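In what follows, a structure is listed as structure tokens, so that the remarks can point back to it.
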């Protein structure tokens, strides 16, 4: 066996062990006999919520990311703080919202199939539906996740930060069995939503000893962002849409990176490695290539498995 073949085999085994580390094998037909209508119910709830609030899809997609990166996709992000402070109250998660959409879906599912469908699966379905309702690709979500019983705000430090450089990003993703292509594809989720000033403040004020503003940030965008996010007397929820079409799931994000008009240091960092830079260019020039890669990487990420039970209430362990 060549060294490259051995490496590929090892990587495959690593991902396999991550997916099945808790013995929860996922399958596409997991609810075929026990709750066949589950995905239709979630789709309906997400669609109705989005009609009333256009920020719901971005919120649910981000919630799923943040869930999967801590303890695997086990719905630990949904648990409320009790004796200890839970993930949802950790610093990177205080701006998460739309938890009520998951609650609504769970309530409707429990009325049809009590005690069968995990909150982790509901969140994975909701993330997929959020992308679809925003004009993005669909995919077959693997099913059979279990819900976790542990949620610690202190562990949210493990989430990749918007200030990360390419080495930090690569390490964060590889620890979860995710490749550089997964990193670039999943970063495309930044095509949806809104960012508060705190996530890009490092680029527009006191960047380093030489520059007040990140020199890789387009000057026009920098001036706009400094106007929205002054050092003093900032409006409470000030910030910026992630891209001009922030409710449409498209490949604008990658085009903006190539124009030095992305918001986060972690977005700009994708240009600092030849492989990730090439992928940014590929996705900027082909929406189809991005959609295919995003769907594949979402399946991979959402299969990082964790929990032990099927919660009755998504906010409370059984």
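The backbone N, Cα and C atoms fix where each Cβ goes, glycine too.
What TrEMBL says about this protein:
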type     : residues           : note
SIGNAL   : 1-25               : signal peptide
DOMAIN   : 25-318             : domain 'Plant heme peroxidase family profile'
DISULFID : 35-113             : disulfide bond
SITE     : 62                 : site 'Transition state stabilizer'
ACT_SITE : 66                 : active site, proton acceptor
BINDING  : 67, 72, 74, 76, 87 : Ca(2+) 1 binding site
DISULFID : 68-73              : disulfide bond
DISULFID : 119-314            : disulfide bond
BINDING  : 160                : substrate binding site
BINDING  : 190                : heme b binding site
BINDING  : 191, 243, 250      : Ca(2+) 2 binding site
DISULFID : 197-229            : disulfide bond
Seminar exercise, completed: The mean pLDDT across the domain 'Plant heme peroxidase family profile' (25-318) is 96
Problem set entry | Integer Å distance between the CA atoms belonging to residue 243 (Ca(2+) 2 binding site) and residue 68 (disulfide bond) | 24
Seminar exercise, completed: Same-chain shell around Ca(2+) 1 excluding 67, 72, 74, 76, 87, C-beta within 8 angstroms of the CB centroid, reads 68, 70, 71, 73, 75, 77, 120, 148, 151, 306, 307
Problem set entry | Pairwise Cα distance for residue 113 (disulfide bond)/residue 72 (Ca(2+) 1 binding site) [Å, integer] | 25
Exercise. In whole Å, how far is residue 229 (disulfide bond) from residue 74 (Ca(2+) 1 binding site) when you measure between their Cα atoms?
Worked result: 35
Seminar exercise, completed: Counting every protein chain shown, other Cβ atoms within 10 Å of the Cβ of residue 35 (disulfide bond) number 18
For this session: Identify, in sequence order, the residues in the chain of residue 314 (disulfide bond) that are 6 or more apart from it along the sequence and have a CB within less than 8 Å of its CB; answer 'none' if there are none.
Result: 75, 78, 99, 102, 103, 106, 119, 122, 147
Problem set entry | Most crowded position, judged by CB atoms within 10 A, among 87, 243, 250 as binding-site residues | 87
Exercise. Which number gives the other C-beta atoms within 10 angstroms of the C-beta of residue 62 (site 'Transition state stabilizer'), all protein chains shown included?
Worked result: 23
